[in-house]
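Below: one structure, written as structure tokens.
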Amino acid sequence: MTVPIAMQSTPGSSGYLDMHPDRKMSFFKNPYILGLAAVAGIGGLLFGYDTGVISGALLYIKDDFPQVRNSNFLQETIVSMAIAGAIVGAAFGGWLNDAYGRKKATLLADVIFILGAILMAAAPDPYVLIAGRLLVGLGVGIASVTAPVYIAEVAPSEIRGSLVSTNVLMITGGQFVSYLVNLVFTQVPGTWRWMLGVSRVPALIQFICMLFLPES
């Protein structure tokens, strides 16, 4: 009869690193991995920004579109459509990751988000604005599924938990940034168009950076 042997090891390690402490990885020891996690985490930043920015933008959207000001339904739709899009994007995000890889899924999410941001900034009526909100929701939904998987697969096991948590940090950071952006553009002509349209900048940065990063 075979007797099972209990193995003692530290979390996330087979014990190999205990025998070779010189090979242990610290959080800031590899700038390349840290930068890679930061680039992938921009998807989280976009998610946080998009959910936070609408709270300030809606005040000015109601000034430009009387039908929005007079309709609670339109206001609620504008706010919630991004979340609805994110649900759909997240549902298909796993399939996109398996079928085309994490890198291509991230690039696709960036393209969708950029198109949505441009559509929102140029919206001539609330219905086009709602369509733009749906597109950015699809983009952040795909990114919310892809970013943690990508970071986890490229991160050394010793710091995988810390690096994956950067995606959540970027989400809350994006919400904070959105309030600062709302404050900056409060007195600028076009107000809400700038607030919503400027989000395409980090999406474009992530798209360009991801072209030079490896597939996980």
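Every residue gets a Cβ built from N, Cα and C, even glycine.
Distant neighbours of the transmembrane segment (32-61): 68, 75, 78-79, 82-83, 86, 106, 109, 113, 126, 129, 133, 136-137, 139-140, 143-144, 146-147, 150-151, 154-156, 159, 163, 166-179, 181-183, 186, 191-192, 195-196, 199, 202-203, 205-206, 209-210, 213; these residues of the same chain sit at least 6 beyond its ends, with a Cβ under 8 Å from one of its Cβ atoms. Annotation comment: TrEMBL describes 32-61 (among others) as transmembrane segment.
Among the features that TrEMBL reports, domain 'Major facilitator superfamily (MFS) profile' is placed at 36-216. Per-residue confidence over the domain 'Major facilitator superfamily (MFS) profile' (36-216) averages out at a pLDDT of 91.
The transmembrane segment annotation in TrEMBL covers 73-95 (among others).
TrEMBL lists 107-124 (among others) with the feature transmembrane segment. Long-range neighbours of the transmembrane segment (107-124) within the same chain, counting only residues 6 or more positions beyond its ends whose Cβ lies under 8 Å from a Cβ of the stretch, are 43, 46, 89, 93, 96, 100, 131-140, 142-143, 146, 193-194, 196-200, 203-204, 206-207, 210-211.
Tertiary neighbourhood of the transmembrane segment (130-151): same-chain residues 36-37, 40-41, 43-44, 46-47, 50, 54, 74, 77-78, 81-94, 96-97, 102-103, 105-106, 108-121, 123, 160, 163-164, 166-167, 196, 199, 203, 216, selected by CB-CB distance under 8 Å and a gap of 6+ residues from either end. Residues or ranges marked as transmembrane segment by TrEMBL: 130-151 (among others).
The transmembrane segment annotation in TrEMBL covers 163-185 (among others).
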